[in-house]
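Here is the structure we will look at.
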Amino acid sequence: MTVFHFFNCAILTFGPHAVYYSATPLSEYDTLGTSVKAALVYLGTALVKLVCLATFLNVSDSESFDPYQELLKALIGFIDVAGLYFALTQLTHRNISQNHKFQAVGLGWAFADSVLHRLAPLWLGARGLEFTWDYVLQGLEANANLVLSISLAAFGSLIWLRKNKPRTLVPLIYICAGLVATMPSITSYLSRGWGWHFLDVVVFELGTSLVMALISWWLVAQCQRPSA
């Protein structure tokens, strides 16, 4: 039963990444190399963030919300944006469209995040003797993160790669990109500052990811329309 629970949670956590790759044109255009490169950039970015967090943040046993510490975490979190910028603009890619590029980068980014933050807890915890919903929620959170990562890559593609975007949409693109980039700090505030349970936070992340996916899809469609 414990092994069955582990495999169910693992499929829920990592399966959507494979499904997204195979069910979209990404597999037809062989963008796996782009996703792998993005995953490697994410790992390098995570290492830089880890060094910065260990250097500038104070270790505290308290679970209370510290505005200064959380603000510092949010600022360090923008290292992800720099890494995403590098993955979108500086890496060499196959001759693929911008739409396929940001999807491949976002997919690799989200997969690396899930492996780094969820594989070890899943392996150590989901095989326990006692059933718990925490790892199911963790898998749902990974799905939300997949959508948010692709959405952030879409916003980044519009900011850095799309030159002929309508000026009226530029503020909305930056606002949405900022919201997605600071999502870890927002969820931390909800759980520590407002006392939200893990289930509440995951539901919020799923809802936010759906909204951001729709907005990013609409913005990409609007920016692709020929100007009058």
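Every residue gets a Cβ built from N, Cα and C, even glycine.
Here's what TrEMBL has on this protein:
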type     : residues : note
TRANSMEM : 39-59    : transmembrane segment
TRANSMEM : 71-92    : transmembrane segment
TRANSMEM : 144-161  : transmembrane segment
TRANSMEM : 168-190  : transmembrane segment
TRANSMEM : 196-220  : transmembrane segment
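Same-chain neighbours of the transmembrane segment (144-161): 16-17, 20, 81, 84-85, 88-89, 98, 101-103, 105-107, 109-111, 113-114, 173-174, 176-177, 180-181, 183, 202, 205-206, 208-210, 212-213, 215-217, 219-220, 223, counting only residues six or more beyond its ends whose CB sits under 8 Å from a CB of the stretch.
Long-range Cβ contacts of the transmembrane segment (39-59) within its own chain (Cβ-Cβ under 8 Å, at least 6 residues beyond either end) map to 69, 72-73, 76-77, 79-80, 82-84, 86-87, 91, 108-109, 111-113, 116.
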